[in-house]
Each structure stands twice: as C-alpha cells, then as structure tokens.
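Listed features, source TrEMBL:
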type	residues	note
DOMAIN	15-226	domain 'Alanine racemase N-terminal'
MOD_RES	K33	N6-(pyridoxal phosphate)lysine
Amino acid sequence: MSKTLIAERVAEIKEKLRELAPDRRVSLMAVTKYRTREEALAAVAAGVDILGENRIQEAVQKWGDEKPSVALHMIGHVQTNKVKYGINLFDSFDSVDSDRLAEMLNHRASGLVRVMIEVNVGRETSKSGLMPEETLPFLASFERWPKLQVTGLMTVLPARQENSVEESRRIRRHMQEMVDLWRMCRSEGFPWAPMTELSMGMTGDWEWAVEAGSTIIRLGTFLFGPRL
Ligand SMILES: *Cc1c(COP(=O)(O)O)cnc(C)c1O
C-alpha cells in the first residue's frame, strides 16, 4: 500500500483509540511480517508505537543492519536454536510459552530482556501459547530466569467463524477471561513481572479488545492491506 494510505490508516486508528479509550494510553503495533522495510517505515513515520515481526529470519533481513526508531517486538513462535539471531535485535519477545524458550532467552541475554507470556485463551489446537490455568504457575517460575522481565500477557483470539450474536459473545468472553487472568497475574506482585501490558486485538477484533482493556493492539491487514 502507498505511504499516504498507510498514514491515513494510522491516523484513523489513533483517532478511534482516543474515542474508545480517552483516559488511558493504548499502544499501536504495526505487524510488518511480509511487508517491506519501506512500508514498515511509513507506518513508523505516521506514528505507530511498536513494530511486530513473526519470523526471526525475516526480521534479521529487514532490520539487522539498521533497527527501526520504535521498539521492535517478536510476536511469532520462536525456535530455541534461532534465539541467538534475535536476542540483540528485538526489544521484547511477546510469545514466550515454554520453559525451553525462557531458558534459552535467559541464557543468551547479555542484559535484561523483556518478554510477554502468550496465552491460548480459546484453547485451539492450532495455536501456540499456554492454557489459561498454566499461566500463573509459569509466571511464578520466572524466578529461575533473572535476566527476564515479564511485562504482560499476549494472546491471539479465535477468529470469528460467523457474524452472529452468539459468536460475538464467545469472543468477548475470551477477552474478559484474558483481562481477569492479567489482573490476577499482576496482583501477585512478582518483582520480575511488572505486568503492565495486555497485548490483545488484531484487525478483526481490535475495537472490542480496547473496550475490554487491552493496552497494545497489533494490526497488519488494516494498516497495510491483505497479505499476498
Ligand atoms: C499477523 C499477526 C497479527 C496481525 O493480524 P491482522 O489480522 O493482519 O491485523 C497480529 N498478531 C500476530 C501474532 C500475528 O501473527
């Protein structure tokens, strides 16, 4: 999509965010997988807060020589043997969902590394992330990984199967479940887990997610058009 269109889309979202959440700040992440560096930089110039990539290799190719001026987050599944390529590139690993990955991040880190825990709130076999009930025990176990700071929870909600009231209720229930889980994790007050962020909401459901209490929305299609 053209720079102008991307800028228009970003402005549109920012205005909508001010309407939906006038009293708090919601960060806008542009998801730039399969997008060019130029498209991503157009979104940065238009004022997005964060860029999200979902494959280490693609991110290294795109950003390895020169990082963007905003934070770069890893939002896709990370193989432990790829951590070494991404550890100095990403400002946050948002999709941590296993001991193995946390162990490797802690092992490779030179300083503090920000991470988020990914939760599979819809319990879908096709998705990564922890089951909701596994989340708090996992969070508690981060005491073992002193270089990791857990800034919050991240989720990919189930896609809406149809445009029915029942289906809307189901998605919103999952959103509320995430908010409750996030609050519960935060109230533990673990020193390694400030838990200030809830990354929830994509092109199809971001307005509901903001209404529910999300602090980071992740948009690809809305900002850049369909992925080819
Ligand atoms: C691709 C992707 C997005 C963006 O999805 P859109 O529906 O295109 O906005 C958000 N989060 C994750 C984890 C993704 O992989």
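From the backbone N, Cα and C atoms, a Cβ is placed for every residue, glycine too.
When secondary structure is read from DSSP and collapsed to three states, K33 (N6-(pyridoxal phosphate)lysine) falls in the coil class.
Proximity of K33 (N6-(pyridoxal phosphate)lysine) to non-local residues of its own chain (separation of 6 or more, Cβ distance below 8 Å) is seen for G52, E53, N54, R55, E58, G76, G220, R227, given in sequence order. Mean pLDDT of the predicted structure over the domain 'Alanine racemase N-terminal' (15-226): 97.
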